[in-house]
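Annotated features, as they stand in Swiss-Prot:
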- 1-102: region 'Disordered' (REGION)
- 9-19: compositional bias 'Basic and acidic residues' (COMPBIAS)
- 20-33: compositional bias 'Low complexity' (COMPBIAS)
- 41-59: compositional bias 'Low complexity' (COMPBIAS)
- 66-86: compositional bias 'Basic and acidic residues' (COMPBIAS)
- 115-165: region 'Disordered' (REGION)
- 146-158: compositional bias 'Low complexity' (COMPBIAS)
- 185-241: region 'Disordered' (REGION)
- 202-212: compositional bias 'Basic residues' (COMPBIAS)
- 344-396: region 'Disordered' (REGION)
- 454-758: domain 'Protein kinase' (DOMAIN)
- I460, G461, Q462, G463, A464, Y465, G466, V467, V468, K498: ATP binding site (BINDING)
- D609: active site, proton acceptor (ACT_SITE)
Amino acid sequence: MASSNVDSSEPRISRESSLKRSLSISKSLKGLFKSGGGNANTGPTTAAAAAAPSSISTPEVPTLATKDKQDRLKNLAANKEKELQTSRRGVASPSLSPTRHVSLSNLAKLSLTSRAGTGQVDPNVIHETSPLASDEESTDLAFGKRQSSSNRSSSFSNEEQEPNNKYPLLEKLMGDLDEMVCGSIDTQLSKSPDTVEASSLRRSRSTQRKRLNSFSLRPRALSNPGQNPNHPVENRERSNTSSIDLLMSHESESRAIYKSDQFSVYPDGHHAHHLKVVPIVHDLEQSLNKPKSSFSFSGFFKTHRTIADDGENLATALSLLPANRFSFHKRLSQIIDEENGNHNADEELEHNGNNGVDSDSDADYDNQSSGNSNPSDDESESDEDGYKGPNKSANVPKIVNEKSVIGANELKLINQLTEKIDNGFCLKGSKSDAVSSNEPSSAPRKQHLCEKYGKSIGIIGQGAYGVVKLCYKFIDPDEPDLKDNTYFHDNKLFYAVKELKPRPDEPPKKFSTRLTSEFVIGLSLSGGNKSRRSSARTHPNILNVIDLMQTPNAFYEVMEFCPSGDLYSLITRSSKSDSVLHPLEADCFMKQLLHGIQYMHAHGVAHCDIKPENLLFLPTGVLKICDFGTSSVFQTAWEKKAHFQTGPAGSEPYVAPEEFIPKQQYDPRLVDCWSCGIIYCVMVLGHYLWKIAIKGKDSVYDAFLEDMEKHGQYYVFDEMKHVSPGMNRYRTAALYHIFQVDPNKRITVDSLLKSSWMKRTKCCVTYPPRPV
């Protein structure tokens, strides 16, 4: 009975449910399409399906009007969905720009190759978020994984036979495009400027970007948002994007195809160094800008020596350089009289050239530090001040090597300084002004160190012979000449002041030789204490030596300040972050080092102590060679041939093997070349090649000798990676020429600079061509 009642009422319930369900679905569809969400091709949503009873399966019967309305709403929803998708992607007209919109966070990962249009990121391309984490990662990221193939080999052989004008930028930058992988750094370096500019302008045709003449990595939709009025910027999804102004501020970073904390490489092949400045400079600025308070607890907790240390000693330091021209000529005349028995001091004074320096006015010291400023004995030459050059009365030998850094003037200065040191003016506690006792009363008063170079603000280094202090002095911005001598920042000149004291067991004669050698050679190489009116005797990679001053207890050498520290600090900072210098960065430093050493060799001086601690840097990456205390003058102005020397000199890891052979003479120029090779390997490897180059005392060096004797190659050199196989091949060949145990087979610095490796190395310092 109960079942019959259910059966009789079931048809009525089904019709009502069907009608309600149809109305519910129609309303749901209307609401769905009005809001623009959902997909027009997918039918009812999950929420609409859940609203209907699951037990009822009677099909819906919509009216004709409902179907027409649904079709119209479907078309509207489809168009709306396409519009939304277009606005989300930020796609402009396909015929104008196929590039897809990329968020700011992924902007630096863009590839400059054809893969950029597909949104794929080449894993071989280095971007700013991928530091050189380790040796293995540096192989994968910095240099790219390259797999050899027959196609690449054949293409290399074909390209090698083609004329160089096909790749004008190739010969200028890297020199070898043969086996370069698409998407790597070397691919970008190989592109000609016309190719890079054309491809960049296709990506961005913005009028503003054309005026800036820059290479855009941004999609067209961002570079010119007003191009397509149908897709305004405000309708785009902004979850992962930023404003155009903020994006333009990151333009320089996005243009770099490689970027680290200290080095960047750009698509046109040039690079930029941005080395950090030592903290003491920033601390000084903060202390000067910070308001002074009457009391501070910080003084109780200082554990290092600060601004006040040794201030009294520096305040009493006086210069050993002559105060004016007259006194200097008078002293040199006395020295000549004593050595040559010439009593015509006044006559000699009239015949001496511009040999002095005005310490107070920073007069030009070029002639004193230049060997080629001395004419021959049978000639007499007047300068602009009316003084004449030396003649036969001086009994000076004829100069045969005008380029030598040690000439007549330098020899006289060495004798003068040596005499003062041997007489014990400073080291025996006599007054500082005793040095000036021979000067006439009309000579101007000498300036103390603090008056001339400012006050000390702290210690920046410490060596075996004393400490190095930093001094600063405010100057007038209208004095441009002084800015060339040393580091200049915020109307302040900074000077490095090196303290020189004899060791407890060091004989005075040895100390005077070391002191005069370091100062006079450095002064002569850097052009002396002058206002840079003539740059004929200056070199960008030689540290400027400015002055030598004295106190009752020590000597102080005033030098140019390099605010970015030395190469040793740069390498250790990279090692702490498990990275090494980029090969292009190391190549640039190597080329600068070789140019500086070449300049020294051309003037008769070998450094003999090349190591990372003696290579300083400016923030722009300019390398400066310093510390000439162990330098060897192998050829003076009166010698036609170079002289060899015996005995080891320098630091053991950088010393050439022939120096350790007892009583064997060696060419100091070839020793410098060996040391330069060690320096380069330390930069790219992050560690020494070996501790000492003596057979039987170092297992690594023994392995090197064994590999070279049996196989003619060393695995360390072969495993080094570069940005291209061509550059890697050129570099490896040069390293084998450097590390020849037999010095007679070793390459010279001049020949190394002419090698394919160095000729294709991009350097941030421009050097004038050497005269033939």
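From the backbone N, Cα and C atoms, a Cβ is placed for every residue, glycine too.
Known features from Swiss-Prot, placed on the structure.
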residue : record                       : CB count, 10 Å
I460    : ATP binding site             : 19
Q462    : ATP binding site             : 10
A464    : ATP binding site             : 7
G466    : ATP binding site             : 18
V468    : ATP binding site             : 17
D609    : active site, proton acceptor : 21
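Under DSSP, D609 (active site, proton acceptor) is assigned to coil, being neither helix nor strand in the three-state scheme. Residues listed for ATP, I460, G461, Q462, G463, A464, Y465, G466, V467, V468, K498, cover a largest CA to CA span of 14 Å.
Between the CA atoms of G466 (ATP binding site) and the residue listed as 'active site, proton acceptor' there is a gap of 18 Å. A straight line from the CA of I460 (ATP binding site) to the CA of the residue listed as 'active site, proton acceptor' spans 21 Å. For D609 (active site, proton acceptor), the nearest of the binding-site residues by C-alpha distance turns out to be A464; the candidates were Q462, A464, V468. Following the DSSP three-state reduction, the secondary structure of V468 (ATP binding site) is strand.
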